[in-house]
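What follows is a single structure, written as structure tokens, with notes after it.
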Amino acid sequence: MEKNQTMVTEFILLGFGLGPRIHIVLFGIFSFFYSFTLLSNGVILGLIYLDPRLHTPMYFFLSHLAIVDMAYACNTVPQMLVNLLHPAKPISFAGCMIQTFLFLTFAIIECLLLVAMSYDRYVAICHPLRYSVIMSWRVCVSLVVTSWTCAFLLALVHLSLIVRLPFCGPHEINHFFCEILSVLKLACADIRLNLLVIFAACVFILVGPLCLVLVSYTCILLAILQIGSGEGRRKTFSTCSSHLCVVGLFFGSAIVMYMAPKSRHPEEQQKILFLFYSFFNPMLNPLIYSLRNAEVKGALRRALCKETPSQL
């Protein structure tokens, strides 16, 4: 039995399994989306850095969310684009493990950042007079550092459980990136411990934070209904609705992927869901925040007005 086991040193990502012509079309579309994701998130980062009016806890969290979204795209999309042009091009075992580790790290960070942002909105609306005391810069930095640290350590646990497994073939991953469940399918050993840890992490990182976000926004909704001014109620709801859109897109797709019964989601359908989860979310987040947020649009107008006279 041991003689028949050949240790895998590289993997081949099967991708979408479509024809060459469709791959070229997808390459063009995804390249545009990828460029737009980096550009839009870069603009958000630039506006937050340059405009003093955006130097608040809310936009501090948003800047880290933009960094995570850019990292998401840079981690998965380039390899996907390469595979669209060269379907048989392999990825090394080490490269695959790094991609899995980074994907898990960024996913966990985004979950925790969304919770921190919901708490920030809760304090701002329900306790406005104590906002500057509760959401001090020390608290904000502590929340962000905790999010990055927890994400790194939890992803490291998953990685350590994967690398201990033997991979003796086949070496084809039926996905467009090294997604953890797809990688585990190739292990020639018992993976029940891995699946148990993944399920526990989903409860801790997805269900727990989602419950906290829902509690925060339930309190926010009750506070909004008590606002006497219709204009104030509309402005407050508009500010929070953008965050709710991001929460719904991210947590909804993640829970469907990792906690719904797998028999209901064939592998090709899972690829589409992961494409939305890991690719379109980072592209949509800047659009949601910029189009639904008056402060970001105002900062963009001020930045453009500053540039116009200097060019003249």
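Count begins at 1; order follows the chain as displayed.
The backbone N, Cα and C atoms fix where each Cβ goes, and this holds for glycine too.
TrEMBL: automatically predicted annotations, no manual curation.
Remember, predicted model here, so these are calculated numbers, not experimental data.
Going by TrEMBL, these are the annotated features:
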DOMAIN    40-289  domain 'G-protein coupled receptors family 1 profile'
TRANSMEM  24-50  transmembrane segment
TRANSMEM  57-78  transmembrane segment
TRANSMEM  90-116  transmembrane segment
TRANSMEM  137-157  transmembrane segment
TRANSMEM  195-225  transmembrane segment
TRANSMEM  237-260  transmembrane segment
TRANSMEM  272-291  transmembrane segment
Could you check whether the transmembrane segment (24-50) and the transmembrane segment (90-116) come into contact, where contact means at least 3 Cβ pairs under 8 Å with the two residues of each pair 6 or more apart in sequence? no
Below 8 angstroms Cβ to Cβ, which residues of this chain, lying six or more residues outside the transmembrane segment (195-225), approach it? 107-108, 111-112, 114-115, 118-119, 121-122, 125-126, 154, 157-158, 161, 180-181, 184, 233, 236-237, 240, 244, 247, 251, 254-255, 258-259
